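Trainee: The FAD binding site annotation in TrEMBL covers TYR230, THR242, SER243, ARG244, LEU245, SER246, PHE279, ASP379, ALA380, ASP381. Per TrEMBL, the feature domain 'Photolyase/cryptochrome alpha/beta' maps to 8-137. The feature site 'Electron transfer via tryptophanyl radical' is assigned by TrEMBL to TRP313, TRP366, TRP389.
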Amino acid sequence: MASSSATAAALVWFRRDLRLHDNPALWAAVRSGRPLVCAFIDDPDAVAQLAPGRASRWWLHHSLAALSRSIRQRGGQLVLRRGDTTSELVRLCGETGSSEVFWNRGDNPTRDSGDTALAARLADRGVKARGFASGTLFNPATHLNGSGKPYRVFTPFWKACLRAPEPSAALPAPDRLPGAAVTASDNLEDWSLRPQAPDWASGFSQDWEPGEDGALNRLEAFLANELADYPQSRDRPDEDGTSRLSPHLAWGEISPRTIWHTVRDHAERGGSFQGGEKFLSELGWRDFAIYLAHHFGSLRDENFNRQFDHFPWRSNPAGLDAWKRGQTGIPIVDAGMRQLWTTGWMHNRVRMITASFLIKHLGVHWRDGMAWFEDTLVDADLNVNAASWQWVAGSGADAAPYFRIFNPVTQGERFDPQGLYVHRWVPELTGLSGKAVHAPWTRPANELIAAGISLGQTYPAPVTDLKTGREQALDAYQTMKARAAETPEAASLETALGN
Ligand SMILES: Cc1cc2nc3c(=O)[nH]c(=O)nc-3n(C[C@H](O)[C@H](O)[C@H](O)COP(=O)(O)OP(=O)(O)OC[C@H]3O[C@@H](n4cnc5c(N)ncnc54)[C@H](O)[C@@H]3O)c2cc1C
């Protein structure tokens, strides 16, 4: 079906790699010397691609607009198509005479196995698929422990990565993208990617600059202003101490190895490397989540530690609803959930606190919290999100033990000591300051009246008593252990998880 002439176009299929620099698939297509067709396909039914949530689709809209501009400036065109991926790729090849499709692999077991099947379907139609790796610092297939098995614990995994050769240098953005004869494209506006009912994302633009330029600007600003203090300030939600590169990474607007080398070059150019090691190790956690999915399959659907299959989760729709709306009456939890809703992002420390509160104090399955984050985070990443939720739940790899239950009040006092983060997102409580803001229900009536707070009226009373919630969580954990011990597979599981 496709033309075999030397001038047949090369089709570059963009996915979660919406960038021109350090894009190996694009680079190889340019080097093939053929005219290019750059395409993005919105496949609503692609289970294999796992459709992004609503906040991510807001990001996608703006990121595609930015990518389209950059491609146009270099003489090409970004073609947008909506429909079944295979059919659209085949159709595009037919329309443009392409005989090869270049893409960067999915970094997700579901997507990768979908890719293999897709490559076979394309081969049947005479189209060659060329896949490249670009989404991680280190190849997830490479590092195994002394017994030849995949690591289950982060520290030895990361040490092994650091002993390996450094990630190769990032590729530059091509100067020119010689476009093939223009082919029809959907109109981005017609895709209605931005949330409409309700349009809660209208304020996101104040916080974010989606697109490759936004990503590179963010990295430069972070290196100049925040990197040196990162090891201390990264845990403080009341400070701007982290890079906020996560949505750019989630959409592939910047590659991890670009970050790696820019951080290292920054030190060599006379900047400080202070903070660099810690910062790069956080990127290592991202690699680890992808590594786990690569070796053990998606963590989205199954407990990594199968003992948790016996966990007695509670049905608590009212609690889940209050949590989503930032109306639990626990200030640091409500602040985090409102930051998420308003900006599409939440500080890492507060993600841990909010997730722990939902799972442990409210007894709600981690999968329900994960689904809400997938829908509302602009940085929603199926591997990282699932691994992180399971980490908090205690069911994941190298997870925090379930019985270590965060107390949201002491967490707030420690990481938001003046209550500034809570004040920002829960303005009802600005009349209280310091530690008092984290536990309004413990304050004397006259103090609350002076602060203009009436619990249950101006701000909710706690949805659960923290002590009771904690005890219920520990009871549930004991129930799980007892149930798991009764199952025949329990002993072998204990052994398997021990390495
Ligand atoms: C319950 C829960 C859910 C999460 N869901 C996501 C998600 O869907 N997408 C996502 O990108 N991150 C997720 N994280 C990890 C982390 O919270 C975010 O990556 C981080 O807050 C992003 O902000 P930043 O870019 O300023 O991070 P920085 O501190 O500047 O870190 C730099 C980069 O390292 C990576 N990183 C940092 N912390 C982690 C971590 N704990 N695990 C894996 N990678 C990390 C991210 O890619 C991040 O952009 C989740 C954490 C928790 C506890």
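Glycine residues also receive a Cβ, built from the backbone N, Cα and C atoms like all the rest.
Would you situate these features in the structure and describe their surroundings?
Mentor: Sequence-distant contacts of TYR230 (FAD binding site), defined by Cβ-Cβ distance under 8 angstroms and a gap of at least six in the same chain, are GLY241, THR242, GLY275, LYS278, PHE279.
Shown in sequence order, GLY363, VAL364, HIS365, ALA476 are the residues of the chain, 6+ apart in sequence, with a C-beta less than 8 angstroms from the C-beta of TRP313 (site 'Electron transfer via tryptophanyl radical').
Cβ contacts within 10 Å of TRP366 (site 'Electron transfer via tryptophanyl radical'), excluding its own Cβ and spanning all protein chains shown: 24. In three-state terms derived from DSSP, TRP366 (site 'Electron transfer via tryptophanyl radical') belongs to a helical segment.
Under the three-state DSSP scheme, TRP389 (site 'Electron transfer via tryptophanyl radical') falls in the helix class.
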Trainee: Could you give the maximum C-alpha to C-alpha distance in Å for the residues TYR230, THR242, SER243, ARG244, LEU245, SER246, PHE279, ASP379, ALA380, ASP381 that bind FAD per the record?
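Mentor: Across TYR230, THR242, SER243, ARG244, LEU245, SER246, PHE279, ASP379, ALA380, ASP381, the two farthest Cα atoms sit 23 Å apart.
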Trainee: Whole-number Å only: compute the distance from the Cα of LEU245 (FAD binding site) to the Cα of TRP389 (site 'Electron transfer via tryptophanyl radical').
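Mentor: Pair distance, Cα basis, whole Å: 20 Å.
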Trainee: Work out the three-state DSSP category of TRP313 (site 'Electron transfer via tryptophanyl radical').
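Mentor: TRP313 (site 'Electron transfer via tryptophanyl radical') sits in coil per DSSP, no helix or strand.
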Trainee: List, in residue order, those recorded positions out of TYR230, LEU245, ALA380, TRP389 with a Cβ under 6 Å from any atom belonging to ligand 1.
Mentor: LEU245, ALA380, TRP389
Trainee: Give, as a single whole number between 0 and 100, the mean pLDDT over the domain 'Photolyase/cryptochrome alpha/beta' (8-137).
Mentor: 90
